[in-house]
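Listed features, source Swiss-Prot:
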type	residues	note
BINDING	GLY31, VAL32, SER33, GLY34, ALA35, GLY36, LYS37, THR38	ATP binding site
DOMAIN	1-229	domain 'ABC transporter'
DOMAIN	289-352	domain 'Mop'
Amino acid sequence: MLQLDFHQQLGSLELHVQSELPANGITAIFGVSGAGKTSLINAVVGLTRPDGGRIVLNDHVLVDTQQRVFLPPEKRHIGYVFQDARLFPHYRVRGNLRYGMAEKMASQFDDIVNLLGIEHLLNRYPLTLSGGEKQRVAIGRALLTAPELLLMDEPLASLDLPRKRELLPYLERLAKEVNIPILYVSHSLEEIVRLADHVVVLDKGKVKAQGLLEEVWASSALRPWLPKDEQSSILSVRVLAQHEHYAMTALALDDQQVWVGKVELAQDAVLRIRVNAADVSLVLQPPEKSSIRNVLRASVEECIDVDGQVEVKLAVGQQTLWSRITPWARDDLALHPGQMLYAQIKSVSITA
């Protein structure tokens, strides 16, 4: 676990962070440019010194200003992947990977190389690598130092779209197969949806929201950054069954089910789906005959008027589903908090 309780004045920005981050999975640090994202992880790794407070990683005190404790970066056991890979140009890939490698990681060298798909690059120099290949090597080098925590500062920011698409699957594999907590700085909501388990939203140096991705996404914290036509819900589901006759998979959403195109995952595998608010219509009674496969029981939590539309927050079991309808539809259905109804979902996408 990473415990943060510190403040730091950085020019006109006052960074004040109070948070406990989990000891597993990817925690995304999200915010616009200047929100304090990179400043936060620089304080964690020891590149800057907080003005006051404590930083504790797995019960090891890294910073305690009252006790005058400030552990230097090289003693914190933290890996750092920068926006630019920062490889040594005079070393081949193999040499870059072995630079700073912990003795106990020698036996895992081949596993990490295979995980990142860089076996064929070992004898090449950094100048001959693409941006995505350089970042994979940088990630491998960080992992081979045997870190207790891995920091990634917008690792896709300097890459063009094809290179981003090349690297994302490796990051997804990394999150699932390497048992090291990762702090992932990004201002891209798409990256967060694909990769993050937890999210911390920073705004002007302060924590605006934090928690599981599904919970933070369902709150109002991220909604200002989403274009009007991209307001959506993230739902946690698990594989229930495959359709006997059609290429469709049933996913369990609490005590209900959602049908999606065939998913090649084992039964009970957990994944996330994304549903755009504009693809959710509301009815008071379930339709008898309809082309829409997914009709879920839901209850109204609140209705919010936004730019001439109404965003309806629905409770589906323990999770939140958003619908966007017209004021006319809201009035016609006489929507009010606590009302039971049915949500018709026209389209579902798999995120992770």
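Cβ coordinates come from backbone N, Cα and C, glycine included.
Look at ALA35 (ATP binding site): DSSP puts it in coil. Other residues of the same chain near the ATP site, with their Cβ within 8 Å of the Cβ centroid of GLY31, VAL32, SER33, GLY34, ALA35, GLY36, LYS37, THR38, are SER39, HIS187, LEU202. Sorting the domain 'Mop' (289-352) by DSSP state (H, G, I as helix; E, B as strand; all else coil) yields 7 helix, 36 strand, 21 coil. Candidate binding-site residues: VAL32, ALA35. Fewest other C-beta atoms within 10 angstroms, VAL32. Each of the binding-site residues SER33, THR38 was scored by the number of other CB atoms within 10 A of its CB, and the lowest score belongs to SER33. Of all the binding-site residues listed here (GLY31, GLY34, GLY36), it is GLY34 whose C-beta has the fewest other C-beta atoms within 10 angstroms.
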